[in-house]
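Peer 1: Below you'll find the structure I mean.
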Amino acid sequence: MRLLERVRKEWFMVGIVLVIAGAKLEPSVGVNGGPLMPEITVSYIAVATIFFNSGLSLRTEELTSALVHIKLHLFIQIFTLAFFPAAIWLFLQLLSITPINEWLLKGLQTVGCMPPPVSSAVILTKAVGGNEAAAIFNSAFGSFLGIVVTPLLLLLFLGSSSSVPFTSIFSQLFMTVVVPLIIGQIVRRYIKDWLERKKPPFGAVSSCVLLMIIYTTFCDTFSNPNIDLDTFSLILILFIIFSIQLSFMLLTFIFSTRNNSGFTPADTVAIIFCSTHKSLTLGIPMLKIVFAGHKHLSLISVPLLIYHPVQILLGSVLVPTIKSWMVSRQKGVKLTRPTV
């Protein structure tokens, strides 16, 4: 009974193990063009579902209040699109003297230039119970901003340039992020009382969608014939990426929890995930456009293909720890408030 209870509580972690195992056994099911058709079900339907779900579950006043939290938004966007790529560039100056493949190192730089994702940071912030409204705003705004900024960063750090179809990417983001969010908010106005009374499992729905994203991501990774690297190089890149993510998560945590930061524990949760996650959905198309015809495109893409599943796995594993910290901090704040 204890084992069953444990599995019930940790169903999401069990789900992660199962979907990765499934992707390894039969990756063809979840690749582009496969039976699951992730190019439609994930890129459009899954992302739209996440933001419709968020629009339905979020109180309008919370979303409105998040829009005016300028300091938080500036922190996340500057960290993501300025500090992150600059720090990676400095780090790569040290790695350049090592025997690591130079195109893999360039791939690490492209990771630093990428915008935040429009799904994983929101789902993980929601799973912890952090400032979901701030996560939604920064994921969506950062993605739109990244459409313009990312190609400029790639040009600055790597010297590659190309015409980017801004209009089509903007329209896709608008239809899969903004429109579902607005529809969710409109529907909420009419069924608000029912939602408050029944309390549907919005978190479980988002977690299931995340499992689908994890599955298709690993299907892509396991089935990619262009990833022709020796085991040592893959392990080394994996270790570097894991170290970068963990270091940046710790760095954002330290900065956002200083006494004079002005951020709440819930804000810190949104900052940790939104500042350190990078978009595969926008990233791969951008790399294919900016490095079109480049003979080393597959090697350049490897770090981003690894970074994406690692950020989801690492974030998911840390959810209980971060949630425990946030709850304890919130209780501490309440206990220290003077009573009238």
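Cβ atoms are placed via backbone N, Cα and C, with glycine included.
Per TrEMBL, the features are:
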type	residues	note
TRANSMEM	12-30	transmembrane segment
TRANSMEM	42-60	transmembrane segment
TRANSMEM	72-92	transmembrane segment
TRANSMEM	104-124	transmembrane segment
TRANSMEM	136-157	transmembrane segment
TRANSMEM	169-190	transmembrane segment
TRANSMEM	202-223	transmembrane segment
TRANSMEM	235-256	transmembrane segment
TRANSMEM	268-291	transmembrane segment
TRANSMEM	297-319	transmembrane segment
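I'm curious about the neighbourhood of these features; can you describe it?
Peer 2: Remote same-chain residues near the transmembrane segment (12-30) are listed as 36, 38, 127, 207, 211-212, 214-216, 218-223, 313, 316-317, 319 (criterion: CB distance under 8 Å, separation of at least six residues from the stretch ends).
Beyond the ends of the transmembrane segment (42-60), by six or more residues, the same chain brings 118-119, 122-123, 126, 132-133, 136, 140, 172, 175-185, 187-189, 195, 200, 202, 205-206, 209, 212-213, 216, 281 to within a C-beta distance below 8 angstroms of the stretch.
Only residues 6 or more beyond the boundaries of the transmembrane segment (136-157), in the same chain, are considered here, and those with a CB under 8 A from a CB of the stretch are 51, 54, 58, 63, 66-67, 72-73, 76-77, 80-81, 85, 89, 109-110, 112-119, 121-122, 164, 166, 169-170, 173, 177-178, 181, 270, 274, 279, 282, 286, 290.
Panel annotation: around the transmembrane segment (169-190), residues 43-44, 47-58, 60, 63, 118, 136, 139-140, 143-144, 147, 282, 285 of the same chain, lying at least six beyond its termini, place a Cβ under 8 Å from a Cβ of the stretch.
With a cut-off of 8 Å between Cβ atoms, the residues of this chain six or more beyond the transmembrane segment (202-223) that come close are 12, 15-16, 19-20, 22-24, 27-32, 34, 36, 38, 41-42, 46, 49-50, 53-54, 56-57, 119-120, 122-123, 126-127, 280, 305-306, 308-309, 312-313, 316.
Remote same-chain partners of the transmembrane segment (235-256), defined as residues 6 or more beyond its termini with a Cβ less than 8 Å from a stretch Cβ, comprise 75, 79, 84, 87-88, 91, 95, 100, 104, 108, 111, 229, 263, 267-268, 271-272, 275-276, 302-303, 306-307, 310-311, 314, 318.
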Peer 1: For the transmembrane segment (72-92), what are the same-chain contacts with Cβ under 8 Å, counting residues 6+ beyond its ends?
Peer 2: 105, 108-109, 111-113, 115-116, 131, 134, 137-138, 141-142, 145-146, 149-150, 153, 157, 244, 248, 252, 255-256, 263, 267, 270-271, 274-276
Peer 1: If we skip the immediate neighbours and take only residues 6+ beyond the ends of the transmembrane segment (104-124), which ones have a Cβ under 8 Å from one of its Cβ atoms?
Peer 2: 46-47, 50-51, 54, 76, 80-81, 84-85, 87-89, 92, 95-96, 132, 135-136, 138-140, 142-143, 145-147, 149-150, 153-154, 157-158, 173, 176-177, 206-207, 209-210, 213, 229, 233, 237, 240-241, 244, 270, 273-275, 277-283, 286-287, 296, 299-304, 307-308, 311-312, 315-316, 319
